[in-house]
């Protein structure tokens, strides 16, 4: 892999050392001009707050719209309990990833290696700590997950805009938003998401509380039923969507590397998750309370919301946020591709953007093939997220500190709430076994079964997934349209 200069990004953490006292923020204090200060304020982020906004914003994107669908599959109680359970589980494995990053960087810096001109990624951490086989494993799962994570954001864009303008079908909207999302090739790195992360979280916060308040004001639909859970296949499909929801930390290493003091990341993801709970639980519970089993055929919560200015505002804000989240998922892929083709040290932002474009093309194509908003989340959660951000980090932590000398010289000791290394091993083993059996095993069976059912029903390259039939829409009374796609 090339160790080129990330030339188009200010070297925010160029002098930062895990083992030392210097931080990259020193580099930003060289220019006191108003223009430079404004640019740094909006464009160059590396603080603890920047990392918190990035984690929270990235974690809670379009899943807000599919969680009510999951509640209809799981039932109210299971939906709430599993959100809390997987939220805490995800926070733990994000903590493990941060510990392994600090360990890798500390070891390399002791050897005299500088990361001033290199963006560290998860597969490189695995390579440095455990060897080339783990590097290949991490690279395969991480890249595939981020690829499909980007696909899901693109599908969500087309699904959402359709509820404002249904003159174009969802496939056409996918073409349009694929071109729009391709502009993320011009965003250099996670340093440069400062203002976008802040705005993105604000937009999702509005959407979450709109869903909750609008559902409560609407009240329960006539004849509403809350039958879930009724079938095992639906139950585990819903559970894996929640596993997917709180598995958004595949970009943890890149977010940490963008920080001025990455060793401060340890509990940031947990703090972000606690805030995310205030968005996901009230909104999903309220929508499910109002519409019940109708959500089983409406994987996008917007489809059941009354059409008005408040809903349109929520749709538009979610579209903007999905563009941001698309960039979050794609940026690590851009880095990998740049290193593969030897363009990571290119100074020209335009040449670098041009080199990144081939990454967007397969994402665009896959979004057109599999436009199944909702079911695809569960499939990705079971088959990719389960390994990428739950099983692999837990196993990697156990193997990294398997020897007494490694534990004694660890850059990060067990956290204050863990009495010993043994307790950490027990918890890590539980995560591996639980996610392997419940997430990948039962979840994989259920989500793939449901996904295949969507393919059989709608076909690949579906022109307008879950759209209302034109004839039915023309004759439906206006009031009834509030409860239809």
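Just so you know, glycine gets a Cβ as well, placed from its N, Cα and C.
The annotation compositional bias 'Polar residues' is assigned in Swiss-Prot to 12-22. Residues or ranges marked as compositional bias 'Basic and acidic residues' by Swiss-Prot: 23-32. Under the heading region 'Disordered', Swiss-Prot lists 12-33. For 1-59, 101-135, 254-266, 336-356, 400-425, the entry in Swiss-Prot reads topological domain 'Cytoplasmic', with the evidence type sequence analysis. The topological domain 'Extracellular' annotation in Swiss-Prot covers 157-172, 218-232, 288-314, 447-485. Annotation comment: Swiss-Prot describes 60-77, 80-100, 136-156, 173-193, 197-217, 233-253, 267-287, 315-335, 357-377, 379-399, 426-446 as transmembrane segment, evidence class sequence analysis.
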Check for me, if you would, whether the transmembrane segment (379-399) reaches the transmembrane segment (136-156) - at least 3 Cβ pairs under 8 Å, residues 6 or more apart in sequence. yes
Count the residues of the topological domain 'Extracellular' (157-172) that DSSP assigns to helix (H, G, I), to strand (E, B) and to coil, and report the three numbers in that order. 8 helix, 0 strand, 8 coil
Counting Cβ pairs closer than 8 Å, which of 80-100, 136-156, 315-335 has the most of them with the transmembrane segment (197-217)? 315-335
Most CB pairs under 8 Å with the transmembrane segment (60-77): which of 267-287, 357-377, 426-446? 267-287
Across the topological domain 'Extracellular' (218-232), DSSP yields 2 helix, 0 strand, 13 coil
Which range wins on Cβ pairs under 8 Å with the transmembrane segment (233-253): 80-100, 267-287, 315-335? 80-100
Under the DSSP assignment, what numbers of helix, strand and coil residues are found in the topological domain 'Cytoplasmic' (400-425)? 11 helix, 0 strand, 15 coil
With DSSP helix as H/G/I and strand as E/B, how many residues of the topological domain 'Extracellular' (288-314) fall in helix, strand and coil? 20 helix, 0 strand, 7 coil
Sort out for me which stretch, of 173-193, 267-287, 357-377, has the most Cβ pairs below 8 angstroms to the transmembrane segment (315-335). 173-193
For the transmembrane segment (173-193): best-contacting stretch of 136-156, 267-287, 357-377, 426-446, by Cβ pairs under 8 Å: 357-377
